[in-house]
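Peer 1: What follows is a structure written as structure tokens; I'll ask about it next.
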Ligand code: HEM
Ligand SMILES: *[C@@H]1O[C@H](CO)[C@@H](O)[C@H](O)[C@H]1NC(C)=O
Ligand SMILES: *[C@@H]1O[C@H](CO)[C@@H](O)[C@H](O)[C@H]1NC(C)=O
Ligand SMILES: *[C@@H]1O[C@H](CO)[C@@H](O)[C@H](O)[C@H]1NC(C)=O
Ligand SMILES: *[C@@H]1O[C@H](CO)[C@@H](O)[C@H](O)[C@H]1NC(C)=O
């Protein structure tokens with residue numbers, strides 16, 4: 001096994017940290033992989049600096065933590081966690097952020113830029129935009145009452161944005177078969193699907209994503225039969241047939257800004273907001289697959305938190321760019337250097 005240290009560690013540091021070798025430390029001389037201590041020598045305050053910018057942003061925007069974790073998800077699911085979502089469109093390369101799953105709903109970009117600016121100030125050219133999203137996701141969950149975990153770092157930023165790829169992101173109208181297959185394509189299993197969907201324990205969602213369930217489910221001109229009638233009435237008032245399609249609702253009305261297991265207890269009583277949420281419990285195929293996992297997380301917040309942390313690490317490991325010939329540390333998250 002190779003000795004270990006941060007990527008730029010001195011020999012002395014290597015000797016000391018070799019004793020503490022664990023899987024998440026950087027490994028020299030092996031295929032590059034992500035590790036917790038990647039910036040320990042080059043930007044030791046990266047975590048604290050990011051955290052402070054997020055705390056400041058949250059003062060005026062209580063939704064920001066939810067918005068930031070969603071950015072990490074939408075980044076990682078499209079050509080890996082490479083900051084591809086953050087690039088602005090350029091001629092010949094429309095950005096992922098302008099695609100239907102993101103346009104008008106992905107938000108928090110100015111806060112990512114503020115984190116980047118603070119990090120460039122402290123340690124110029126060191127911390128990638130892809131890593132900022134991973135750090136911001138963990139900090140956001142933790143500050144909302146959820147679990148903490150050691151964020152694996154060392155991703156480089158890619159040089160392309162994949163608009164077409166983002167069209168394949170999991171959709172709110174997807175049924176369980178499609179959701180499982182989209183996760184499976186990325187080697188994420190049913191536990192990952194159910195745990196990561198628990199991200200919907202906070203944040204907001206627009207009316208247009210529930211109107212088909214309220215009024216015209218599967219083109220039947222009827223509501224979704226799996227939707228709890230009282231919750232349907234509540235949502236129908238907030239989202240009338242010809243109301244503002246962009247009006248906002250809480251994904252978890254019981255505790256809108258807290259990271260807890262209520263996403264699952266809502267689903268247990270047929271109060272999942274999106275079709276993709278309720279499918280995890282109510283689809284025929286859920287029996288023996290995802291439904292038992294929903295049940296487990298609804299009854300044990302500890303189990304949910306443990307699985308969520310592991311699944312976030314799994315998601316954060318999706319095709320990271322670590323080869324310097326294929327990526328870079330962007331100076332500005334919106335453009336390649
Ligand atoms: C499983 C498939 C998923 C689907 C179909 C899905 C779909 C959606 C949709 C349609 C919205 C509302 C967007 C809007 O109205 O503007 C949303 C919001 C959100 N999603 Fe997901 N999502 C999925 C998985 C995830 C995952 C894996 C996470 C994070 C781990 C996540 C975190 C969030 C958060 C926090 C929000 C609220 C964002 C905000 O308030 O700005 N979602 N999602
Ligand atoms: C994104 O949404 C805005 C406002 O809703 C719209 O004007 C614009 O055309 C959309 N962009 C794309 C690429 O669809
Ligand atoms: C994206 O898809 C459109 C429509 O299918 C196609 O015309 C275009 O060439 C694709 N772009 C890339 C970069 O693959
Ligand atoms: C799920 O959706 C896909 C794509 O729309 C469809 O082909 C399939 O029949 C659906 N499966 C179920 C069980 O509804
Ligand atoms: C329900 O959806 C179908 C298919 O999209 C559409 O043809 C029909 O007009 C819709 N009905 C209402 C009342 O919106």
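Cβ atoms are placed via backbone N, Cα and C, with glycine included.
Predicted automatically and left uncurated, TrEMBL annotations should be read as such.
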Peer 1: Besides 252, 255, 260, which of 177, 201, 322, 331 does TrEMBL list for that Ca(2+) 2 site?
Peer 2: 201
Peer 1: Fewest other CB within 10 angstroms, which one of the binding-site residues 84, 201, 255?
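Peer 2: Taking 84, 201, 255 as the binding-site residues, the minimal 10 Å Cβ count falls on 255.
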Peer 1: Within 10 Å of residue 96 (Ca(2+) 1 binding site) (Cα to Cα), which of the recorded positions 74, 170, 200, 201, 252, 255 do you find?
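Peer 2: Near residue 96 (Ca(2+) 1 binding site), where near means Cα within 10 Å, the recorded positions are 74.
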Peer 1: Cβ within 8 angstroms of the Cβ centroid of 75, 78, 80, 82, 84, 96: which residues besides those meet this for the Ca(2+) 1 site?
Peer 2: 74, 76, 77, 79, 81, 83, 85, 130, 158, 161, 162, 165, 166
Peer 1: So which of 78, 80, 96, 260, listed as binding-site residues, have a Cβ under 6 Å from an atom of ligand 4?
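Peer 2: Qualifying residues: none.
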Peer 1: Please report the distance from the Cα of residue 80 (Ca(2+) 1 binding site) to the Cα of residue 74 (active site, proton acceptor), rounded to the nearest angstrom.
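Peer 2: Pair distance, Cα basis, whole Å: 9 Å.
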Peer 1: May I have the list of same-chain residues other than 201, 252, 255, 260 whose Cβ is within 8 Å of the Cβ centroid of the recorded Ca(2+) 2 site, in sequence order?
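Peer 2: So the additional residues around the site are 202, 254, 256, 258, 259, 261, 262, 263.
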Peer 1: Checking your reading of the structure: which of the recorded positions 74, 170, 200, 201 lie inside a 10 Å Cα sphere centred on residue 84 (Ca(2+) 1 binding site)?
Peer 2: 74
